[in-house]
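To start, the structure itself, in structure tokens.
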């Protein structure tokens with residue numbers, strides 16, 4: 001159909017990569033459109049529109065008769081996943097509390113990784129079917145989980161923040177009472193959180209929070225540096241995609257074949273390696289908040305880099321001994337396979353959750369949904385670019401692919417250490433204070449954070465209010481505005497976190 005090979009063997013790897021990458025091209029557009037739609041009609045409605053795009057795209061892919069139709073279908077399906085990624089994770093964040101946000105995200109990604117595992121074992125199970133069925137059935141299967149989402153979404157609570165922003169205050173209070181443990185509307189926890197949401201909704205109308213202004217570098221955000229936060233969220237997704245995960249997971253079968261395993265055992269091991277990621281993702285719930293985002297990422301990059309270098313070396317040595325010493329070659333291939341499992345464990349336990357949760361935490365709550373679109377844009381472009389080049393890399397440089405991605409881990413580890421402030425266990429007010437320095441270095445931002453807190457007598461809430469007064473052009477002592485007379489001062493109770 002796509003004219004990328006014959007007899008089940010791919011000969012045009014560039015076209016193969018392009019066909020796969022079209023999905024992420026759709027995701028690039030879907031993330032921004034989805035974020036806007038989610039703000040207009042609600043999180044639930046936005047997700048349902050995303051599933052509609054996904055179902056349409058999956059059906060068209062499964063029924064494609066030529067490459068052009070297949071590419072268009074991939075783009076449509078990608079728009080759907082862009083919608084859902086841009087809406088679901090901020091939705092989870094809006095329903096969670098700060099002390100359990102990491103655990104909540106871990107559960108989301110356990111489900112995500114479980115879906116990958118199911119898809120892989122489906123492909124393994126139909127490997128001996130005819131060629132048409134082997135590629136059409138898995139694409140059609142995408143419709144099943146999307147229909148499950150369609151059934152489940154109406155049963156879930158809407159975002160309280162969106163409800164208050166759209167005049168449905170009582171419904172928002174009822175939902176907060178339920179998800180916070182069947183509390184009463186007069187409970188201090190509920191009243192304080194509602195006050196915070198009121199402040200967030202009011203602040204959302206400030207011109208600095210306009211999406212176009214963030215795209216242009218956060219022109220009106222001053223010391224809040226919203227443009228920098230957009231870059232960090234985008235960059236972290238690129239970092240994740242360019243440190244080897246697709247080479248290990250998406251192309252695991254090819255890796256094991258390079259290591260000397262036959263096609264059956266290579267596919268079986270690839271499925272097992274993916275399955276190994278499910279408990280790894282679940283284990284992330286126990287370290288994400290204790291170790292912090294940055295230390296977790298550095299740990300993963302170090303271990304991932306070592307694993308990729310060893311995989312490359314063992315594959316090369318195995319190939320060199322394939323004829324002269326088959327038994328040694330087999331043992332070396334087995335050793336290479338073992339490091340794949342180690343890589344998957346450390347990636348799922350220390351990397352996947354921090355990369356995704358960081359993109360929601362860096363934003364003030366009033367602009368989180370819009371800001372998170374940049375993280376999804378980074379995911380779409382990062383995945384799209386690696387998907388495009390991966391078959392080309394593997395066909396042309398073989399084991400060298402793993403040397404390349406191993407080197408990428410070495411490169412990005414210091415970048416994360418020097419430029420990404422630690423956000424774990426920080427309150428809403430603190431996070432904004434961590435981005436106030438004009439320097440890009442995390443250490444300089446930490447110094448500026450300490451200076452502002454010291455000037456506020458150690459009171460973080462006071463320091464945060466002074467920052468907002470400064471950004472809004474107000475006199476910090478009198479609370480009167482120097483600039484725009486129509487903007488009101490918003491005070492946020494420092495004990496509340498979102």
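Cβ coordinates come from backbone N, Cα and C, glycine included.
Unlike curated records, TrEMBL annotations are generated automatically.
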Per TrEMBL, the range holding transmembrane segment, considering 205-229, 230-254, 430-454: 230-254
Transmembrane segment according to TrEMBL, located in which of 179-200, 399-420: 399-420
Positions whose Cβ lies under 8 angstroms from the transmembrane segment (135-156), at least six residues beyond its ends: 44, 47-48, 51, 54-55, 58-59, 61-63, 77, 80, 84, 115, 119, 122-123, 126, 129
Distant-in-sequence neighbours of the transmembrane segment (230-254), which means Cβ under 8 A and at least six residues beyond its ends: 116, 214-215, 218, 263, 266-267, 269-270, 273-274, 277, 301, 304-305, 308, 340, 343-344, 347, 351-352, 355, 358-359, 362-363, 371-372, 374-379, 381-383, 385-387, 390-391, 393-394, 401-402, 405-406, 408-409, 412, 415-416, 419-420
Cβ-based contact of the transmembrane segment (335-359) with the transmembrane segment (20-38), 3 or more pairs under 8 Å: no
Distant-in-sequence neighbours of the transmembrane segment (297-315), which means Cβ under 8 A and at least six residues beyond its ends: 243-244, 247-248, 255, 258-259, 291, 332-333, 335-336, 339-340, 342-343, 346-347, 349-351, 354-355, 398-403, 405-407, 409-410, 412-413, 416-417, 420
Other parts of the chain folded back onto the transmembrane segment (20-38), taken as Cβ under 8 Å at six or more residues beyond its ends: 45-47, 49-50, 53, 57, 71, 74-87, 90-91, 162, 211, 369-370, 372-373, 376-377, 379-381, 383-385, 387-388
